[in-house]
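S.K.: Starting off with a structure, shown below.
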Amino acid sequence: MEALHKKIREEGIVLSDQVLKVDAFLNHQIDPQLMKLIGDEFATLFKDSGITKIVTIEASGIAPAIMTGLNLGVPVIFARKHQSLTLTENLLSATVYSFTKQVESTVAISPRHLTSSDRVLIIDDFLANGKASQALISIIKQAGATVAGLGIVIEKSFQGGRAELDSQGYRVESLARVKSLAGGVVTFIE
């Protein structure tokens with residue numbers, strides 16, 4: 001997606017060979033026009049997949065997930081990282097390790113929002129080692145729902161997340177596939 005590539009080149013900051021900072025437009029400050037384009041693109045890619053729900057993890061996946069849900073006309077559910085007094089029922093949950101934050105946390109969704117008849121599209125800001133995606137897949141399976149695909153805004157292709165998801169037979173659509181961050185330069189798989 002050329003608009004996303006351009007934004008990454010202009011405003012992304014390479015912090016190391018492993019870490020790309022995109023807080024200027026995606027995971028701190030949000031560019032609404034770019035999110036609209038991202039939602040349009042994911043909706044086009046998955047329009048014939050029978051999606052009934054979109055699932056993401058708070059917080060950075062919420063903006064692209066909402067725009068995709070708006071385009072597809074389906075609800076968006078975000079897995080919470082922190083317990084809430086309003087989440088009182090037996091939750092669908094999984095643990096996830098954050099590569100960027102270097103911490104493990106439990107994410108949870110109320111079972112009232114996912115059913116066995118749902119076809120779920122996972123939307124996330126990044127795909128690195130695939131741990132967040134695997135946690136969401138686990139939660140969706142706990143509900144008996146079907147994972148219809150994964151929409152990733154930025155994939156770090158040099159890490160193993162996509163290979164793992166591919167080997168499990170999941171459809172993965174990434175809007176920007178980063179080949180390398182070596183030398184402080186973002187190189188894309190075109």
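Backbone N, Cα and C atoms are what each Cβ position is placed from, and that goes for glycine too.
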S.K.: According to Swiss-Prot, N27, K156 bind xanthine; identify which of L20, L150 is listed for that same site.
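M.R.: Given N27, K156 bind xanthine in Swiss-Prot, the matching entry from L20, L150 is L20.
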S.K.: Tally every other Cβ atom lying within 10 Å of the Cβ atom of A132 (5-phospho-alpha-D-ribose 1-diphosphate binding site).
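M.R.: Other Cβ atoms within 10 Å of A132 (5-phospho-alpha-D-ribose 1-diphosphate binding site): 27.
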S.K.: Pick the one among the binding-site residues L20, A128 whose Cβ has the fewest other Cβ atoms within 10 Å in this structure.
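M.R.: Fewest other Cβ atoms within 10 Å, among the binding-site residues L20, A128, is found for L20.
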S.K.: Go through K131, K156, our binding-site residues, and report the one whose Cβ sees the most other Cβ atoms within 10 Å.
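M.R.: Max Cβ neighbours within 10 Å, all protein chains included: K156.
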